[in-house]
């Protein structure tokens, strides 16, 4: 395996308005460090892809942004959202997660009906007015409405994997978060379902800031505006997607995207 | 040479497998003989009269109506007091406990409680509930003693049922901004219902047959009670939780230990048959309900 | 500070819910712990009174077989010797375990190795039913079937250790079986495949590979069964004969710790020596159940280290 200089990196300047930003973010699982000194700015209404080999720390980084790692890891550094460092102790993590929604690698709908999956999320967040319209809107936004409108009361678990994942997206956006984190949302799905979700993302970015972890380089190249390349827990390169894939600045990035990695 | 070794091994193999199968046969025969004996000798003694008349201490022809009611009543009270505690403890262990010395101590304590002989629990109940708290021999004392028997089982069952719910369900709740507690109440507990229900019903079967924890807490006799008196504070009411009570299982033991009832054997075999039938129904119910709930929840119809 | 920042910085309903939920569930488990500790404490205090208040020596309690706490012996000491009960308790426990273990292993092997699908489907209900039958019913059957049978074969009353062991054998059989099944199922499948691929017969595979790999688990299962046998009260009390005498044979009436407690506790008065002596028996039971528990932990740990 080639050795790369992990301490050097190339981070492009972001001039657009920033939705969320990390400063010197480190994540530790016990004594093992998974993410090193990550400094990334995520612009509003853009799709940012995090790429890298397995174990590169990209998922760990993503899960730290909405404090979902609290239980299992120690996260140090700053996560700046709404001009507040939300990685502090006295922060209301429930409100953080409410504003920063998440879609997971494996679809995880609740064992409830399709309708109830979304209505439940709405009710729990006090959004009980116009329930039917809200459910319909979020299903439409997730491009699932036409497929399920006639069977809203059937169990969500009877849907196909791709439909379940879009239901999870619908559930996440129903509560109107500000940022949407997606942790390899298509890795468990077939290519057609994956494509549908990519199309959905392009629609969603009009209203949301999306940060997506993917191990699929084509997906990153196709669907994202910016790309960050992670290697062994370090952010090696962060640039406009087009630039990163056509003129990578770092040798590690170049090797990774050309398939000569490791 | 090699062939003869193989042959010998093959021979040993067949004999060993045959012995195993024979022993399995013996176990099955033992169970069939047991159930057969209880049902065949017992059921002829079970009649409408038997099920609906009170027991007699010194004369023949007594029934088991009070014992049957007492067993059901004490079972219900036991479940009412033990389920919330076990549920809370199970939730703590499955959802909140982090690996630590304290958590280990909690688990060990529950293991110790579950390994305590039920007669020891009964004696503790006698010492503390009957004598110290002056509850006397009563349904309440008995139910508390049974609670101790029931809690370790139910706690473990709760913990296991909750842990069987995929972690991704928890993350789904947290990612929506729900508190951990809300996630547990609204997502994890409903998903764990099939396992919880099966566990509770199975524990009910065990409680229904338990006697050792009761003989020094609930007592070994039933006063004259009236099924028309619905005032639980009246001493003759069947609902009075402070009256002494003899359950069906205790009745069987008592009949065979004192030996003053002339038809003790007939009554015991009838009562055993009733006890077994109730417990078998409980086991079947738990299976059926567990499967039904599971199917209903997973959406595979 | 805008509204969003306010919400991020201040605790909300969810914060309170979590504090509430954690507290409530912690109270539940704390309550259970307090109760368990108080059981042990109360029984220990009462059980030790024989030695501290009535000044009976521990050695006499364990090794003398004169149980007559109401009267003084020749040496002017109260006759509180639990030797007979301790011996009888261990005897029924060991005998039952010796009887049950081969059958339990056979059933477990049949369900996991010989006929995993059909066998498990057929035998699982058998195990569940055996667990479900209450101990008084086992005692009753022992009384009306086993005791007369022993009487007609061996003479005497029929009551005694043999009858007790047979009843306990059936009672602990399902316990040992289901735990043995668990440990057999944990033996990795490639052990079986490797052994069979080397040309070993099924029995050789079972005997030399599977049972050896599962040994710690099987030992744990046996200890669990023994703990259950040791603590069982009513079924044993109904068939043991209830005479506090050192057993002279397997068919002579005797008493175990549990049976003595069951039959005598109602006849003694709180605070008197005969009553304290019974609490001492309960204390022995308690100590034994803790020892069984430790044993299970030790055996289980050893099994883990091997793997």
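Note that the numbers count up from 1, one per residue, in the order the chain is shown.
Just so you know, glycine gets a Cβ as well, placed from its N, Cα and C.
TrEMBL does not curate its annotations; it predicts them automatically.
TrEMBL lists C:86-296 with the feature domain 'ABC transmembrane type-1'.
Within the chain, the transmembrane segment (C:20-45) has long-range Cβ neighbours (under 8 A, six or more residues past its boundaries) at 279, 282-283, 286. Annotated transmembrane segment per TrEMBL: C:20-45 (among others), in sequence order.
Per TrEMBL, transmembrane segment is recorded for C:82-109 (among others).
If you look up TrEMBL, you'll see C:129-150 (among others) marked as transmembrane segment.
Look at TrEMBL and you will find C:156-176 (among others) tagged as transmembrane segment.
The annotation transmembrane segment is assigned in TrEMBL to C:209-230 (among others).
Per TrEMBL, transmembrane segment is recorded for C:277-296 (among others).
Contacts between the transmembrane segment (C:277-296) and the transmembrane segment (C:82-109): present, as 3 or more C-beta pairs lie under 8 angstroms, all at sequence separation of six or more. Just going by CB pairs under 8 A, the stretch in C:82-109, C:156-176, C:209-230 that sits most against the transmembrane segment (C:129-150) is C:156-176. Long-range Cβ contacts of the transmembrane segment (C:82-109) within its own chain (Cβ-Cβ under 8 Å, at least 6 residues beyond either end) map to 61-65, 67, 123, 127, 161-162, 164-166, 168-173, 176-177, 180-181, 184, 206, 211, 218, 221-222, 225-226, 229-230, 236, 240, 244-247, 250, 254-258, 260, 277, 280-281, 284, 288.
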